[in-house]
C-alpha cells in the first residue's frame with residue numbers, strides 16, 4: 001500500500017504532566033479536539049523534542065502513543081510517533097509498539113551520546129529500527145542542535161531507499177538551507193516528504209520546496225500559519241512575509257518549557273510543568289506572550 005504523503009502543518013505535541021510530574025493521559029482527547037477545531041491542525045508528531053520524549057520512560061512513551069492513536073482515530077489524519085532513543089533496543093521496542101497500535105508513521109533521531117561516525121552508521125541504525133515496524137513509514141528526524149550530530153541530512157538520505165523500503169522522508173530541524181535544498185531535491189524523485197522544523201524560518205524553507213512543517217508553535221498558532229501556507233500557495237508573498245515576520249512568530253525561539261506554559265495559557269488545557277532538567281517557565285512571562293498571541297489571532 002502506498003502511504004499517504006505527509007504534508008501541511010503537523011503539531012509537535014506537548015506531553016501533559018500532572019503537577020506531580022506524572023503523564024496525564026486525560027488531557028489528550030480534549031487536546032486533539034482543540035488542535036482540530038481551534039487550530040485546523042490535523043496531524044501530530046508525538047514524543048519528540050516538544051513532547052520531551054527523551055525525558056520519558058519507554059513505558060510512558062508507549063502509553064502516550066497508544067492514547068494519541070486511540071483518541072485520534074477518525075479525528076486526526078496522521079499520528080507520527082517519534083521512537084528515537086540512545087539504546088537501539090528501546091527504539092526497536094517503541095517501533096514495534098507503534099506498529100501494533102496503528103500509528104501512521106515513526107521517526108527517529110540520531111543517537112547522541114555515542115554518535116554515528118558517518119552517514120553509513122546512522123543509516124544502519126535507522127534500518128535496524130525500521131525492521132521492527134517494516135510496514136510503517138519511517139522518517140529521519142534531523143536535529144543537529146540537540147543531537148550534536150553534524151552529518152548532512154542529504155548524505156544520510158543518499159541511497160537509504162535501497163536499505164529501508166519503508167523510508168518516507170525527513171523532519172528537518174536545522175538552518176542549513178543548502179543541505180535542506182538537497183534533501184528536497186533528492187526526496188522529489190522518491191515522492192518523500194521533507195517537513196521543516198524551525199518554525200520561525202518556515203518561509204525560507206517554503207521557498208525551497210518543503211512539503212510541510214512540524215513544530216511546537218503550531219499547537220497554538222496553527223490557524224495563523226495555515227493562513228500563511230495558503231497565502232504562499234496563492235503566490236501572495238507580501239501577506240506570507242507579513243505573517244512570518246510578525247512578533248508572534250518569534251515565540252518559536254523560546255524553549256520547550258516556555259512553549260509548554262504558553263500552550264496552557266492560550267488553549268486552557270493543563271499541560272503541566274516540564275520534567276527536569278527543564279525548569280518551569282514563570283506564569284507571568286507565559287501570560288504576557290499568550291496575550292500577544294490572542295491579540296494577533298483576533299486580528300486574523
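Yeah, the Cβs are placed from backbone N, Cα and C, and that goes for glycine too.
TrEMBL does not curate its annotations; it predicts them automatically.
Annotated pyruvate binding site per TrEMBL: 50, 214, in sequence order. Among the features that TrEMBL reports, active site, proton donor/acceptor is placed at 141. The active site, schiff-base intermediate with substrate annotation in TrEMBL covers 171.
Non-local contacts of residue 50 (pyruvate binding site) by the CB criterion (under 8 A, 6+ apart in sequence, same chain) comprise 12, 13, 14, 215, 216, 219, 256, 259, 260. Of the recorded residues, the residue listed as 'active site, schiff-base intermediate with substrate' and residue 141 (active site, proton donor/acceptor) place their C-alpha atoms 5 Å from one another. On its own chain, the residue listed as 'active site, proton donor/acceptor' has 48, 82, 84, 107, 108, 109, 170, 171, 173 as residues at least 6 apart in sequence with a Cβ closer than 8 Å to its own Cβ.
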